[in-house]
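Student: After the C-alpha coordinates below, expect a handful of questions from me.
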Amino acid sequence: MRLFLALMPPPALRERLGELADTAHARCGGRRMPDESLHLTLAFLGDVEEASAAELVEWVQGLTIPPGEWHLDCWGGFRRPGIVWVGAQAADPALVRLQGQLWGTLEPLGFGTRPAKFVPHVTLLRRAATLQLEDLPPIELPWSYNQLELIESTTDERGVRYRSLAISQG
Ligand code: 2AM
(Lines of atoms letter the chains of each structure in order from A; the text may use other names.)
(Lines give C-alpha, C1' and ligand atoms only; values in the text may rest on other atoms or scores of the structure.)
Protein backbone atom coordinates (compact mmCIF):
# COMPACT_ATOMS: atom_id res chain seq x y z
CA MET A 1 0.00 0.00 0.00
CA ARG A 2 1.36 3.39 -0.99
CA LEU A 3 0.84 5.68 1.99
CA PHE A 4 1.50 9.20 3.15
CA LEU A 5 0.59 11.49 6.04
CA ALA A 6 -1.02 14.78 5.11
CA LEU A 7 -3.04 17.75 6.22
CA MET A 8 -6.30 17.86 4.26
CA PRO A 9 -7.80 21.34 3.73
CA PRO A 10 -11.22 22.12 5.25
CA PRO A 11 -13.97 22.52 2.59
CA ALA A 12 -13.85 26.33 2.21
CA LEU A 13 -10.07 26.31 1.82
CA ARG A 14 -10.26 23.35 -0.57
CA GLU A 15 -12.61 25.39 -2.74
CA ARG A 16 -10.24 28.36 -2.66
CA LEU A 17 -7.27 26.13 -3.56
CA GLY A 18 -9.34 24.72 -6.42
CA GLU A 19 -9.83 28.25 -7.76
CA LEU A 20 -6.09 28.83 -7.56
CA ALA A 21 -5.57 25.54 -9.42
CA ASP A 22 -7.88 26.82 -12.19
CA THR A 23 -5.96 30.10 -12.36
CA ALA A 24 -2.64 28.28 -12.53
CA HIS A 25 -3.94 25.82 -15.10
CA ALA A 26 -5.08 28.63 -17.41
CA ARG A 27 -1.57 30.12 -17.24
CA CYS A 28 0.65 27.03 -17.12
CA GLY A 29 -1.33 24.13 -18.61
CA GLY A 30 -0.51 20.61 -17.44
CA ARG A 31 -2.71 18.35 -15.34
CA ARG A 32 -4.82 20.04 -12.68
CA MET A 33 -5.14 18.15 -9.40
CA PRO A 34 -8.82 17.40 -8.64
CA ASP A 35 -10.18 19.35 -5.67
CA GLU A 36 -10.61 16.21 -3.56
CA SER A 37 -6.90 15.38 -3.95
CA LEU A 38 -5.51 18.72 -2.74
CA HIS A 39 -3.37 18.27 0.38
CA LEU A 40 -0.14 19.12 2.17
CA THR A 41 2.17 16.11 2.49
CA LEU A 42 3.88 15.85 5.89
CA ALA A 43 5.53 12.46 5.32
CA PHE A 44 5.62 10.27 2.24
CA LEU A 45 5.96 6.66 3.39
CA GLY A 46 6.01 4.83 0.05
CA ASP A 47 5.04 1.18 -0.14
CA VAL A 48 4.02 -0.31 3.20
CA GLU A 49 2.98 -3.90 4.01
CA GLU A 50 -0.67 -4.36 5.01
CA ALA A 51 0.23 -5.39 8.57
CA SER A 52 2.36 -2.27 9.01
CA ALA A 53 -0.42 -0.15 7.51
CA ALA A 54 -2.79 -1.47 10.18
CA GLU A 55 -0.27 -0.41 12.86
CA LEU A 56 -0.04 3.02 11.26
CA VAL A 57 -3.83 3.35 11.29
CA GLU A 58 -3.87 2.68 15.05
CA TRP A 59 -1.00 5.08 15.68
CA VAL A 60 -2.62 7.91 13.70
CA GLN A 61 -6.02 7.37 15.34
CA GLY A 62 -4.38 7.76 18.77
CA LEU A 63 -2.28 10.77 17.78
CA THR A 64 -2.97 14.37 18.86
CA ILE A 65 -1.17 17.11 17.00
CA PRO A 66 -0.73 20.70 18.21
CA PRO A 67 -3.25 22.94 16.41
CA GLY A 68 -1.63 25.48 14.10
CA GLU A 69 -2.21 28.01 11.38
CA TRP A 70 -0.17 27.90 8.20
CA HIS A 71 -0.09 30.99 5.99
CA LEU A 72 0.06 30.34 2.27
CA ASP A 73 1.53 33.33 0.51
CA CYS A 74 3.43 32.26 -2.59
CA TRP A 75 3.46 30.26 -5.79
CA GLY A 76 6.24 27.81 -6.46
CA GLY A 77 7.39 25.21 -8.93
CA PHE A 78 9.46 22.05 -9.02
CA ARG A 79 11.11 21.67 -12.41
CA ARG A 80 10.63 17.92 -12.50
CA PRO A 81 7.95 16.82 -13.21
CA GLY A 82 6.55 20.31 -13.84
CA ILE A 83 4.84 20.76 -10.51
CA VAL A 84 3.13 24.07 -9.73
CA TRP A 85 2.29 24.54 -6.07
CA VAL A 86 1.22 27.06 -3.47
CA GLY A 87 3.09 27.37 -0.20
CA ALA A 88 4.86 29.85 2.02
CA GLN A 89 7.91 32.04 1.50
CA ALA A 90 9.17 31.51 5.04
CA ALA A 91 9.55 28.11 6.67
CA ASP A 92 6.73 27.66 9.17
CA PRO A 93 8.29 26.60 12.50
CA ALA A 94 5.19 24.70 13.71
CA LEU A 95 4.95 22.66 10.51
CA VAL A 96 8.67 21.96 10.49
CA ARG A 97 8.44 20.81 14.13
CA LEU A 98 5.42 18.60 13.37
CA GLN A 99 7.13 17.04 10.34
CA GLY A 100 10.29 16.45 12.43
CA GLN A 101 8.31 14.81 15.24
CA LEU A 102 6.50 12.51 12.80
CA TRP A 103 9.77 11.39 11.24
CA GLY A 104 11.25 11.01 14.73
CA THR A 105 8.72 8.20 15.23
CA LEU A 106 8.55 6.85 11.67
CA GLU A 107 12.25 6.67 10.84
CA PRO A 108 13.36 4.31 13.62
CA LEU A 109 10.45 2.04 12.67
CA GLY A 110 11.75 1.85 9.11
CA PHE A 111 8.92 3.70 7.34
CA GLY A 112 9.95 5.68 4.25
CA THR A 113 12.87 8.06 4.08
CA ARG A 114 12.99 11.45 5.77
CA PRO A 115 13.50 14.00 2.98
CA ALA A 116 16.73 16.01 3.08
CA LYS A 117 14.67 19.20 2.89
CA PHE A 118 11.02 19.82 3.81
CA VAL A 119 9.26 22.30 1.52
CA PRO A 120 5.62 22.40 2.65
CA HIS A 121 3.46 22.84 -0.44
CA VAL A 122 0.11 22.02 -2.00
CA THR A 123 0.54 20.66 -5.51
CA LEU A 124 -1.99 22.19 -7.92
CA LEU A 125 -0.62 21.10 -11.32
CA ARG A 126 1.58 18.32 -12.59
CA ARG A 127 3.42 18.29 -15.93
CA ALA A 128 2.89 22.01 -16.41
CA ALA A 129 3.99 23.41 -19.77
CA THR A 130 5.67 26.39 -18.09
CA LEU A 131 6.83 27.31 -14.60
CA GLN A 132 6.70 31.04 -15.30
CA LEU A 133 4.62 32.07 -12.33
CA GLU A 134 5.36 35.81 -12.20
CA ASP A 135 1.96 36.93 -13.56
CA LEU A 136 -0.13 34.87 -11.19
CA PRO A 137 -2.17 36.81 -8.60
CA PRO A 138 -0.86 37.23 -5.03
CA ILE A 139 -1.94 34.70 -2.42
CA GLU A 140 -2.97 35.35 1.17
CA LEU A 141 -4.62 32.26 2.60
CA PRO A 142 -4.63 31.07 6.22
CA TRP A 143 -4.94 27.31 6.88
CA SER A 144 -6.05 26.36 10.40
CA TYR A 145 -5.40 22.70 11.18
CA ASN A 146 -5.66 20.39 14.16
CA GLN A 147 -5.69 16.94 12.55
CA LEU A 148 -3.60 14.95 10.12
CA GLU A 149 -4.66 11.99 7.99
CA LEU A 150 -3.11 8.75 6.80
CA ILE A 151 -3.83 8.55 3.08
CA GLU A 152 -3.59 5.65 0.66
CA SER A 153 -2.68 6.47 -2.92
CA THR A 154 -3.89 4.09 -5.63
CA THR A 155 -3.55 4.30 -9.38
CA ASP A 156 -6.16 3.01 -11.82
CA GLU A 157 -7.09 3.74 -15.43
CA ARG A 158 -8.61 7.06 -14.33
CA GLY A 159 -5.43 8.18 -12.61
CA VAL A 160 -4.29 8.59 -9.02
CA ARG A 161 -6.85 8.44 -6.20
CA TYR A 162 -6.45 9.19 -2.53
CA ARG A 163 -8.36 7.48 0.27
CA SER A 164 -8.25 8.45 3.93
CA LEU A 165 -7.44 5.45 6.18
CA ALA A 166 -7.18 7.24 9.52
CA ILE A 167 -7.57 10.67 11.11
CA SER A 168 -5.77 11.85 14.23
CA GLN A 169 -7.61 13.01 17.36
CA GLY A 170 -9.36 16.38 16.98
P1 2AM B 1 3.99 16.25 -4.55
O2 2AM B 1 2.71 16.88 -4.15
O3 2AM B 1 5.11 17.22 -4.57
O4 2AM B 1 3.91 15.41 -5.79
C5 2AM B 1 1.47 11.51 -2.61
O6 2AM B 1 2.21 11.00 -3.66
C7 2AM B 1 2.12 12.73 -2.01
O8 2AM B 1 3.42 12.43 -1.50
C9 2AM B 1 2.30 13.87 -3.00
O10 2AM B 1 1.85 15.05 -2.38
C11 2AM B 1 3.79 13.95 -3.26
O12 2AM B 1 4.32 15.21 -3.36
C13 2AM B 1 4.36 13.36 -1.99
N14 2AM B 1 5.65 12.72 -2.21
C15 2AM B 1 6.78 13.01 -1.55
N16 2AM B 1 7.79 12.23 -1.96
C17 2AM B 1 7.30 11.43 -2.93
C18 2AM B 1 7.87 10.43 -3.74
N19 2AM B 1 9.15 10.06 -3.63
N20 2AM B 1 7.07 9.83 -4.64
C21 2AM B 1 5.76 10.20 -4.76
N22 2AM B 1 5.19 11.14 -3.99
C23 2AM B 1 5.94 11.75 -3.09
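FYI, residue positions are counted from 1 along the chain as it appears here.
Positions of Cβ are set from backbone N, Cα and C atoms, glycine also.
Note that TrEMBL annotation is computational and uncurated.
Straight from TrEMBL, here's the annotation block:
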type	residues	note
DOMAIN	9-85	domain 'Phosphoesterase HXTX'
ACT_SITE	His39	active site, proton donor
MOTIF	39-42	motif 'HXTX 1'
ACT_SITE	His121	active site, proton acceptor
MOTIF	121-124	motif 'HXTX 2'
Student: Whole-number answer please: how many Å between the C-alpha atoms of the residue listed as 'active site, proton donor' and the residue listed as 'active site, proton acceptor'?
Tutor: 8
Student: Is it possible to list how many residues within the motif 'HXTX 1' (39-42) are helical, extended or coil according to DSSP?
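Tutor: Counting residues by DSSP class gives 0 helix, 3 strand, 1 coil.
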Student: If you draw a 10 Å sphere around the Cβ of His121 (active site, proton acceptor), how many other Cβ atoms fall inside it, taking every protein chain shown into account?
Tutor: 20
Student: On the three-state reduction of DSSP, what should I expect for the residue listed as 'active site, proton acceptor'?
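Tutor: Looking at the DSSP assignment, the residue listed as 'active site, proton acceptor' belongs to a strand.
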